[in-house]
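Taken verbatim from TrEMBL:
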type: TRANSMEM; residues: 22-47; note: transmembrane segment
type: DOMAIN; residues: 40-290; note: domain 'G-protein coupled receptors family 1 profile'
type: TRANSMEM; residues: 59-81; note: transmembrane segment
type: TRANSMEM; residues: 101-119; note: transmembrane segment
type: TRANSMEM; residues: 140-159; note: transmembrane segment
type: TRANSMEM; residues: 195-227; note: transmembrane segment
type: TRANSMEM; residues: 239-263; note: transmembrane segment
type: TRANSMEM; residues: 269-292; note: transmembrane segment
Amino acid sequence: MSASTTNSSVFILTGFPGLDQYYPWFSIPFSSIYAMVFMGNCLVLHVIRTEPSLHEPMFYSLALLALTDLCMGLSTVHTVLGILWGLSQEVSLDACIAQTYFVHGLSCTESGVLLAMAFDRFTAICNPLRYRSILTNSRVIHFMVTIVLRSAVSILPVIRLKFFHYCRPHVLSHSFCLHQDLLRLACSDIRFNSFYALALVICTLLLDAVLILISYVFILHTVLAIASREERLKSLQTCVSHLCAVLVFYIPIIGLTMVHRFGKHLSPLVHVLMGNIYILFPPLMNPIIYSVKTQQIRSRMKKWFSLKM
């Protein structure tokens with residue numbers, strides 16, 4: 001097993017160690033979750049597209065967030081369900097690198113979208129009279145294009161994985177491919193990729209998180225200066241859905257990073273579970289959060305479903 005997986009360009013994905021006999025049962029909730037991710041995000045996109053009142057800067061950002069979550073599910077579902085359905089645990093190097101590119105690129109995109117949404121809330125609360133002039137539709141679209149391009153270009157060094165020599169057994173620690181997982185198996189000089197991955201996390205995810213935090217410090221300062229308690233609560237309620245989306249995204253990604261950095265003594269099952277939470281939880285929760293907490297989307301969905309009935 002070790003020799004064959006070392007000398008080939010095929011990698012073995014890890015399912016749920018020790019729970020192989022339960023895969024048919026696990027496939028039921030996983031398939032259901034992926035179906036909910038697909039339908040939930042498609043529904044959000046459909047509502048935003050068909051409702052003219054939602055053609056505003058905040059909802060353009062939400063549409064990109066839903067599209068990002070949809071792509072995250074589509075880029076990982078085939079390998080996870082392939083294992084659970086007993087179809088294949090093998091993935092070629094090229095397919096693994098492509099999946100790595102999309103997983104990390106989409107994470108950077110989601111972080112950028114959450115930052116753009118934080119700026120939207122900051123402008124709406126701290127500078128409401130100039131909101132329309134600052135966040136025009138064309139400017140927001142330019143922001144969205146910049147976020148996507150930043151992610152697509154910044155993650156390009158992942159392609160260097162193609163030219164590494166993988167001398168260790170080709171067994172990955174997740175049911176999908178990650179950059180750090182492939183680096184762990186390489187015997188080539190990986191210093192650039194290791195440094196670049198750390199720099200990328202600092203310059204995108206960490207910087208975005210800090211800027212989001214700063215925006216909410218200013219928002220809180222502005223809200224507390226409002227005399228009316230009702231107005232304060234109303235202003236804060238417009239931020240609840242975004243704050244939930246930020247927590248839903250950053251908590252799993254921080255947890256997965258901590259497990260990779262400091263959890264080498266942990267069971268492989270913990271690594272697999274954290275990896276699946278990382279790719280499943282945000283795409284599943286974001287449509288629920290915005291459908292429940294955003295009045296415009298909630299009312300449009302009620303109207304849409306009542307017409308269907």
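Glycine is no exception: its Cβ is also placed from the backbone N, Cα and C atoms.
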For the transmembrane segment (195-227), sequence-distant contacts whose Cβ falls under 8 Å of one of its Cβ atoms, 6 or more beyond its ends: 107-108, 111-112, 114-115, 118-119, 121-122, 125-126, 150-151, 154-155, 157, 179-180, 183, 235-236, 239, 243, 246, 250, 253, 257
Seg_contact(the transmembrane segment (22-47), the transmembrane segment (239-263)) with at least 3 CB pairs under 8 angstroms, min sep 6: no
Beyond the flanks of the transmembrane segment (59-81) by 6 or more, those residues with Cβ under 8 Å of it: 13, 27, 30-31, 34, 37-38, 41-42, 44-45, 48-49, 87, 91, 99, 102-103, 106-107, 109-110, 113-114, 116-117, 120, 137, 140-141, 144, 147-148, 175-177, 245, 276, 279-280, 282-283, 286-287, 290, 294, 296
Same-chain residues near the transmembrane segment (239-263), Cβ under 8 Å, at least 6 residues beyond its ends: 65, 107, 110-111, 114, 117-118, 121, 125, 180, 201, 205, 209, 212, 216, 219, 270-271, 274-275, 277-278, 281-282, 285-286, 289-290, 292-294
